[in-house]
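Engineer: Below you will find the structure I want to go over with you.
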């Protein structure tokens with residue numbers, strides 16, 4: 001009986017810590033992004049905290065407390081997660097390219113700030129790490145903690161998607177117009193990824209969705225505008 005009580009206490013403490021740390025990190029990122037916006041550093045410090053903090057936090061909790069499975073990095077249905085992640089990613093890839101063709105044919109401007117950051121700022125090479133950081137925070141440690149806490153599953157998907165979308169305004173050192181476009185592109189990723197994680201209890205299919213859609217984003221920036229001219 002004592003062992004069971006101790007186990008329940010340990011599980012409760014682990015859950016509370018993951019909730020507090022994930023929401024605390026989100027708050028710190030947003031605050032740093034807000035302050036940085038009015039300084040010469042812009043949102044770069046917030047972006048660095050987002051990248052390092054998200055990956056570092058999850059690796060620390062996993063290595064130090066063995067929370068790989070509770071955070072959906074291990075266990076669950078990996079095969080189904082990757083299968084549906086590939087299909088969902090392919091669907092979003094096709095839809096994104098079609099939307100981009102329509103967008104540019106209508107005479108809308110390209111995302112010049114993002115193009116500059118990706119090429120001149122070499123941010124393109126950091127995309128895989130950024131995607132990993134986003135998935136580990138929103139659909140890993142935070143998502144799993146909310147589900148374990150007993151928050152409604154649909155509300156969990158919606159909340160983490162909203163947080164993920166809003167976060168683009170806090171960490172992207174580009175124009176507000178481009179942040180809004182990025183947020184619009186992020187919404188279906190959050191919803192598809194969220195329900196995929198909910199179904200499989202594994203985050204890697206959502207990572208795959210995100211990776212595939214980021215490839216389409218690169219095509220949106222550098223290939224599609226040249227084709228529709």
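Quick reminder: no glycine exception, Cβ is built from N, Cα and C everywhere.
Source: prediction; values computed, not measured.
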Engineer: Which one of these stretches, 62-79, 116-133, shows up in TrEMBL as transmembrane segment?
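Structural biologist: Checking TrEMBL against the ranges 62-79, 116-133, the transmembrane segment one is 116-133.
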Engineer: What range among 3-20, 21-38 does TrEMBL describe as transmembrane segment?
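Structural biologist: The range carrying the transmembrane segment annotation in TrEMBL is 21-38.
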Engineer: Below 8 Å between Cβ atoms, which of the listed ranges 21-38, 44-60, 154-174, 207-228 makes the most pairs with the transmembrane segment (81-104)?
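Structural biologist: Counting Cβ pairs under 8 Å, the winner is 207-228.
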Engineer: Under 8 Å between C-beta atoms and at least six residues away from its ends: which parts of the chain pack against the transmembrane segment (180-198)?
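Structural biologist: Tertiary neighbours of the transmembrane segment (180-198) are 72, 81, 84-85, 88, 92, 95-96, 111, 114, 135, 138-139, 143, 147, 153, 156-158, 160-162, 164-166, 168-169, 172, 174, 205-206, 209-210, 213, 217.
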Engineer: Can you work out which residues elsewhere in the same chain, 6+ from the ends of the transmembrane segment (44-60), have a Cβ less than 8 Å from its Cβ atoms?
Structural biologist: 21-22, 25, 28-30, 32-33, 36, 71, 73, 126, 129-130, 132-134, 136-137, 140-141, 167, 170-173
